[in-house]
Amino acid sequence: MEIRQNVKFKKPLIHYITNPISINDCANMILAAGAKPIMAEHPLEVSEITSASKSLGVNIGNITDNKMKSMLISGKTAYENKIPQVIDLVGVGCSKLRLDYAKKFISECHPNVIKGNMSEIKAIYGIKSSAKGIDVGACDIITEQNFDENIEMIKRLSMETGSVVAATGVVDIISNGTYTYIISNGCEMLSMITGTGCMLTGIIASYISSGNILEGTALAIVLMGICGELSQHVKGTGSFRNELIDNIFSISDDIIIKKIRINSY
């Protein structure tokens, strides 16, 4: 839990270029995690902003020409200055434009973390997926039958890119090619409001800011899953969203340790 406490103490500046659908919730989630967000996306300022930040997050959920340009500028700046960065492959299987752009970003910016659902991870790896827009396709959901196969694919993608790969879903798989974690926390309501994946990327960006990439990514995913479980008692999705942010802000280390469900593979 040292990573979490360091973020709360140091309050690192996190540069997050995300989509307008979830930008407000993402900024609030970064604040709840203990860091400070800046959501700048103008091409003429993003290099300067990234250089002054401790971590970078980019999200391709709602791309525009300017945003695509800005993310590449920031990604290259982060790589050149050894600033940790994470790319969220939102809807990467939706279009050739997104897929080609994501591949270009990964090859030129070398993000420390590549995050997506299993449909998105399969698409970036080059395997046909059954994505439904930004949602994971039914055929891509991790099951007992395809569990080992998917883990091997995630490990290969990690080794090929040099990035930690985080595949999120009913079961979350995080790997750096050598060490692999399986996380089973979470709840269905996390998939019933828009932007929870984008919010998670903001927490990942916050927790990898110290340079502890694999453990920071895993801790962020564990935290979101547990806080989802703690928030699901509410009467509806609007209340769930607010409760989720509150729990990210207030949860104790003792509760995380008590409720964590993580295994090494």
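Backbone N, Cα and C atoms are what each Cβ position is placed from, and that goes for glycine too.
Within the same chain, the residues at least 6 positions away from Met39 (substrate binding site) whose Cβ sits under 8 Å from its Cβ are His15, Tyr16, Ile17, Thr18, Ile23, Cys26, Ala27, listed in sequence order. Look at Met39 (substrate binding site): DSSP puts it in coil. Residues annotated as substrate binding site in Swiss-Prot: Met39, Gly195.
DSSP assigns Lys115 (ATP binding site) to a strand. For Lys115 (ATP binding site), the same-chain residues 6+ apart in sequence whose C-beta sits under 8 angstroms from its C-beta are Val86, Ile87, Asp88, Leu89, Val165, Ala166, Thr168, Gly197, Leu200, Thr201, Ile204, Thr217. The ATP binding site feature in Swiss-Prot is assigned to Lys115, Thr168; the stated evidence is sequence analysis.
Between the binding-site residues Thr168, Gly195, the minimum number of other C-beta atoms within 10 Å of a residue's C-beta occurs at Gly195.
In the three-state DSSP assignment, the secondary structure recorded for Gly195 (substrate binding site) is coil.
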